[in-house]
């Protein structure tokens with residue numbers, strides 16, 4: 001009686017996976033192996049600008065165990081593949097955020113955390129410096145609404161990002177083009193002149209003292225200021241005479 005190991009299979013039959021082979025060999029594809037390695041070792045770049053980052057700091061403690069997802073916080077964008085934006089993004093900070101994103105290695109992912117990051121939050125109605133959504137600057141993969149969102153919501157976002165990475169295909173990477181960029185013509189940001197030019201003390205209003213101060217310390221008052229003061233005094237006198 002022959003054992004199963006020494007049994008000779010008929011070569012004309014359909015190929016079958018024996019029990020010994022299925023118990024000792026893992027069958028997969030390069031694409032699945034690549035996605036498994038990516039989603040199991042995400043290295044986030046922590047980008048916190050406001051109070052939402054306090055909730056994210058709770059993830060680093062032992063209660064929520066940030067490391068069980070394989071996440072290793074990085075301080076340099078060149079070694080990170082995930083950026084978590086938490087807090088308000090201002091017009092002045094927008095170019096720095098875009099530069100950090102550009103320095104990250106491909107493939108890279110973005111998680112927008114909090115209402116201020118997603119839509120501007122409470123600053124979206126009357127603020128002239130808040131960016132109304134970080135997706136106007138960089139492409140966002142997962143949104144976390146809340147003001148601020150709880151650590152459990154952050155964990156759920158990480159799980160959703162891992163599922164998204166697991167469903168990716170290496171052959172479609174060329175189609176995933178980034179459409180939202182700070183320097184393109186598609187954005188709705190309006191260029192404004194710089195406020196701090198370094199020439200504030202060199203301006204004419206700062207070089208010459210006020211006429212009241214110049215007259216008090218004995219400095220000569222410019223004729224233009226004297227004429228303006230005379231006309232103003234004459235108008236005040238006419239107003240008083242008309243009232244009488």
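Cβ coordinates come from backbone N, Cα and C, glycine included.
Feature annotations, reproduced from Swiss-Prot:
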{"type": "BINDING", "residues": "51, 52, 116, 147", "note": "[4Fe-4S] cluster binding site"}
Among the binding-site residues 51, 116, whose Cβ has the fewest other Cβ atoms within 10 Å?
51
Counting across all protein chains shown, how many other Cβ atoms sit within 10 Å of the Cβ of residue 52 ([4Fe-4S] cluster binding site)?
25
Using an 8 Å cut-off from the Cβ centroid of 51, 52, 116, 147, can you name the remaining same-chain residues around the [4Fe-4S] cluster site, in sequence order?
50, 86, 87, 88, 114, 115, 117, 121, 146, 148
Just counting, how many other CB atoms are there within 10 A of the CB of residue 147 ([4Fe-4S] cluster binding site)?
12
Check the DSSP secondary structure of residue 116 ([4Fe-4S] cluster binding site), expressed as helix, strand or coil.
helix
